[in-house]
Amino acid sequence: MATEKSFGYEQTLLYGKYTKELGSFAKSEAARHLGYGDGGDQGDSEEGIFKKRRFKKLNSFWNFMRKCGEVRDAIFLKVGEDWIFLAILGVLMAFLSFTMDFIIEKCQEAKFWLYEELQFSVGLQYVAWVSYSMLFILFAVGFTHLVSPQAIGSSGIPEMKTILRGVVLKEYLTFKTLIAKVVGLCSSLGSTLPFGKEGPFVHVASIVATLLSKAIGSFRGIYENESRRSEMLAAACAVGVAGTFAAPIGGVLFSIEVTATYFAVRNYWRGFFSAVCGALVFRLMAFWFKDEETLTALFRTTLRTEFPFDALELFAFASIGVACGFGGALFILTHRNIILFTRRHKKLSRFLQKNRFIYPSIITFIIASLTFPPGLGQFFGGELTGKTAINELFSNITWTTGQAEDMEDEAILRHWRHPLTNVYVTLVLNIIMNFLMAVFANTLPIPAGVFVPVFTIGAAFGRLVGESMAAWFPEGIPSGDIVRKIVPGGYAVVGAASMSGSVTRTISTAVIVFEVTGQISHVLPAVISVLIANAVANIFQPSFYDSIIKLKKLPYLPDIVSAKSNAWLLYVEDFMVSDTKFIAFDATYKDLQELIMTSRHRSYPLVDSTSSMILLGSVQRFELERLLMVHLSKDQKILWTWNNHTTANGRNGDCDNSSSSSNSNSRGSSPIKQHGQSGGKPAIAGGDSAPHHQPAANTPGADSQSNYHTVHAPLRSILKKSSSGPKLSRARSTGDLQEDMNNFYRKLAKQKKESIVEDMPYIIKEQVIRYKHVAYMWRFEYSLFVSMSQQEAWESRQLRQPIDWEGVQIDPAPFQLVERTSLHKVHSLFSLLGLNHAFVTNTGRLVGVVGLKEV
């Protein structure tokens, strides 16, 4: 009774009852047993007091964490997870971009410091100058190849363009690819070779967005929903550009132009919000940790704003656009021909693949030798980094006059005026050498971008035109009563926008230029020049990113030129694949086995019958593989062997006794579970003639139907027809086959990112569960009871059975086209909806299939 009183027990007439609530009683009992309860001598001891304080601290800590969780849920409910996700993404990318820039800057400063320290010997300076660049490039080559080959590439934008199209690229958005991309990019840019950061950083931002949506539980809905995932990846591309140049407006527009064929306006705010967050934090960090006076532009200029240019100068700006259009097309053509040259020569290609450090070593050695300051580099500013060169090309002084206002201007003139040459020769050499070096450098197997090198080339060309105009019109172009001098820096700004726009085939480079310079005085000539450059380059070559897509043979749908009338005159029936692999609803497992082993498609059309060919839906390949695997499983063979053996020896009663004894022991440790802990998977001696796509089946016989757990799964309305095969249904099994199948399909769902069930939607027969421990006893003696001919006969009977479709996930509404759909409409549908294939029907009958390859 003392125990009952301590538990708050009260005796009544019929039944007793407990007067204390379970929650409060559990807390008091836990406190009493730990020694800091209300009573007992231990509660008054030092140890008891210490435990009591520790308990209070832990309790307060968990209360605080619970409150934080409630606040988080309230914020997510009020604000929305998209806003928070985009803000976190922008801030993270700003921190990452600033950190990478800091590391790159220190690596470049270390190279110049080493060069200055070896002034006593030109030979040592040359060795240090070349070896430093080679060391960084070779490290980038080796690191990216070992960690993640997916990080290799001159830019990440072509791959992101393909991913946003709906194609899944293997391991392209993984954590190890992020590490390889960040480390490789820092190493390649730290070598001071002509590389850019924008393209690879777009890839980095996309990886961070993917990992962020997967890592934080509150954002997992973004990752699991394919539509929302694409929207967030599009926003991440904008953040990547904004985090490079602190240009949110141009970053959003640039990301839309280079990654999207069709853009949903509802995603517009996402890109802007995240890009603004990233650009703001990026510039704030420059203000906090650098010598910035305030939030300024990346390449701040002081060009004249009251009268920036004369109307007649628009012809000069237009000529810059024409020249940059030709230059951009030549850049893309040269880059592609270099890569194709190495591919055409098979022996050279195999040699370079086996010795992957030779080609980067040769290219790096040549580029570093050309930029060596005491050598040829002194004639074209070879010692300048990309950022320094752009700042000096945008300067607001005229180099030909030689008038320097301060020490900074004198340093600029020293870089671009050599005693043996003049400014024009220096600029021409700079354009030619940077053009060749950028083309060859972007063929190296390292993470690197192309935007900054072509931006610098365009700025140099614009500066050349501006200096020439200043020399031809020293007092300016007379226009009415006002005469203003030429501003060569404005021409450099226009040239940078035009050249980068012609290579990337974008108009938003004009906006990026305004944001990075902080001035919009030359907005009209820049836009005119960029439009002309795009028009000229588009005549001869595709964009640089489309060229890489073709070189890598990425599954991306090219645009159709509207001027070609055959796009409207060509119909689906002219290019569809008529010999379509399909599976009929009344097919047998033998037909299914032949289909799987003779084709490698990801999905197959399901038709009513081979005679009618009425399209019912589509089935994924892994669903069919699972179906066949379950039907021809080893457990079914063992069960069939055991049944034959026990029937022949009259041991059915013993089996019932063994099963009843196993059920009576279920309160303790199940014999099935005990065996699963000590034994492995069943191995059938004598070999297994089942195909690679194994699958499950029913034991023949009408009396075996009662051995199934009948849990009927609802079918699609179009598929509500009875199959002549036995009914299978869903249930849980503790057998190894069930566990293995569940693990297999969880892994398959994770890899394919399809909406498939967690567990296998078929059950194992109850006999397999009941006699599992008995069947394992006979697994090594399987060949003693069944000969090879009997195994083949059993499999032949299994394969002749009709397919049971219950529980199979079938898409009842696959995308369909009719035979007279024009190519232009098909192209628009594939591009807008991100389709990979579509079935062609005629009055509901399947007549063919059209894939991305055919379009």
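Along the chain as shown, residues are numbered 1 onward.
For all residues, glycine too, the Cβ spot is worked out from N, Cα and C.
Here TrEMBL flags 83-104 (among others) as transmembrane segment.
Feature annotation from TrEMBL assigns transmembrane segment to 124-147 (among others).
Taken from TrEMBL, the feature transmembrane segment covers 233-256 (among others). Through the fold, the transmembrane segment (233-256) approaches residues 86, 89-90, 93-94, 96-97, 157, 160, 163-164, 197-198, 201-206, 208-210, 263, 267-268, 270-276, 278-279, 282-283, 297-298, 504, 506-509, 511-516 of its own chain, all at least 6 residues removed from its boundaries and within a Cβ separation under 8 Å.
Taking Cβ pairs closer than 8 Å, the transmembrane segment (268-289) reaches residues 82-83, 86-87, 89-91, 93-95, 97-98, 102, 231-232, 234-239, 241-243, 246-249, 251-252, 255-256, 295-296 in its own chain, all 6 or more past its ends. Summarising the annotation, TrEMBL assigns transmembrane segment to 268-289 (among others).
With a cut-off of 8 Å between Cβ atoms, the residues of this chain six or more beyond the transmembrane segment (314-336) that come close are 435, 438-439, 442-443, 454, 457-458, 461-462, 465, 469, 491, 494-495, 498-499, 501-503, 524-526, 528-537, 539-544, 547, 551. Marked as transmembrane segment by TrEMBL: 314-336 (among others).
Positions annotated as transmembrane segment by TrEMBL: 357-376 (among others). A Cβ distance under 8 Å defines the sequence-distant neighbours of the transmembrane segment (357-376), meaning residues of its chain 6+ beyond its ends; these are 115, 122, 125-126, 129-130, 133-134, 137-138, 141-142, 191-194, 351, 382-383, 433, 437, 440-441, 443-446.
The transmembrane segment annotation in TrEMBL covers 423-441 (among others).
Counting only same-chain residues 6+ beyond the ends of the transmembrane segment (448-466), those with a CB under 8 A from a CB of the stretch are 154-155, 185, 188-189, 194-201, 316, 319-320, 323-324, 327-328, 331, 386, 389-390, 393-394, 399, 424, 427-428, 430-431, 434-435, 437-438, 441-442, 486-500, 503-504, 544. Residues annotated as transmembrane segment in TrEMBL: 448-466 (among others).
Feature annotation from TrEMBL assigns compositional bias 'Low complexity' to 649-670.
Residues annotated as region 'Disordered' in TrEMBL: 649-708.
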